[in-house]
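As written in TrEMBL, here are the features:
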- 1-11: compositional bias 'Polar residues' (COMPBIAS)
- 165-303: domain 'Palmitoyltransferase DHHC' (DOMAIN)
- 1-30: region 'Disordered' (REGION)
- 75-94: transmembrane segment (TRANSMEM)
- 106-127: transmembrane segment (TRANSMEM)
- 210-235: transmembrane segment (TRANSMEM)
- 265-293: transmembrane segment (TRANSMEM)
Amino acid sequence: MVRSGSQGQSPLPTPPRVDGGGAPARAAAPRATGAGGAAAAVSRPPARPTVRLYQVWEGNEVFCCRGHLVTGPSWRGLIMSTMLTLVPAVLWLVLVLPELSKHTSWALFGIGLALVLASQAWLYVTAFTEPGILPRKTEPDAEDYQNGIIPRTKTVQVNGKPVTLRWNDTVNFYQPPRAHHCSVQNNCVEKFDHHCPWVGVTIGLRNYRFFLLFVYTTTALLLYVMGTSIAQIVLAVDRRCPDGGAAQPDCDDSLGTVLKNVHNAMALAVTIYAFLMSFFVGGLCGFHSYLVATNQTTYENFRYRYDADTNPYNVGCMGNCFEAWCKPIPKSKVKFRTKVGGAQTRAGSMASYDDGDIDGMEAGTNGGA
């Protein structure tokens, strides 16, 4: 694991020595004797870059597997979320669901296992998907200056509505529509939603869909845990006193007696836990469903309070849902494993502008993204 900007940095290639202010000195070259006996000087090829971009990246990301995986600096939150969801789920899978499935159908166990795996999978896909970082520029573009200074804001049109862009001194360009600088990761992120401490990463254009899938599958898992656990307790009571005790008048079907069984006690425990967790996760599910339907981000909802008439990105409920769920996820604009050297190492600025699309974004051409 490498934390950007501090660890794992390789030394940069040393430039050739300059003697007396003249041209860079050439390395000693082998002498080859030609027909006339003259020596032919063979210059040494320029040194190849030996540093990869992730090793000198100025953001606060954490890199794993030599830059193949990237996540946010709040990785402890990811571990905490894993423990909060996986530990109760495993206890439920081991002690409750098999007992219920044995007396009903093993399909219940299969569904439960699938929900647990899906919830964990989407959690980690979200955490290790680059959220939409915009590469930094080493210096502002010449056209950004007006009378020798850079205005702090400028206005562009998005779907016929004015949108104010703010200058970002860290990345040296106007933040495109819907982009925002995440102070936690110290990067400008496309369609910034929020920085999620529970996932440990910024949620933006490229990982928002995976975040939604994590929230929805976790909500479904909590509801399923409550339903199956309550069913286990009810069926356990019924098995102790079939037909309401008609066959065994002296049977004890009190809750205290039923809960002496470890399977039933665990069923009650995970029911209470899932019920409490569902207030938070279920509320998050409902809130983001509203944001998807109205084409807002969490940041926009709290900052701008858009309504249907003022939101420049709203294209109707169906169009908004299509954009969130079906629109292709763009490729990352940052190639963290690119070899860089010299001036290119500053901020990784050389990395990955795709045909100047940052300038197009500043002009508002991707405002609905």
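Numbers run from 1 along the shown chain.
Every residue gets a Cβ built from N, Cα and C, even glycine.
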Exercise. Counting by DSSP, what is the helix, strand and coil composition of the domain 'Palmitoyltransferase DHHC' (165-303)?
Worked result: 80 helix, 18 strand, 41 coil
For this session: Grab the pLDDT values for the domain 'Palmitoyltransferase DHHC' (165-303) and give me their mean, rounded.
Result: 90
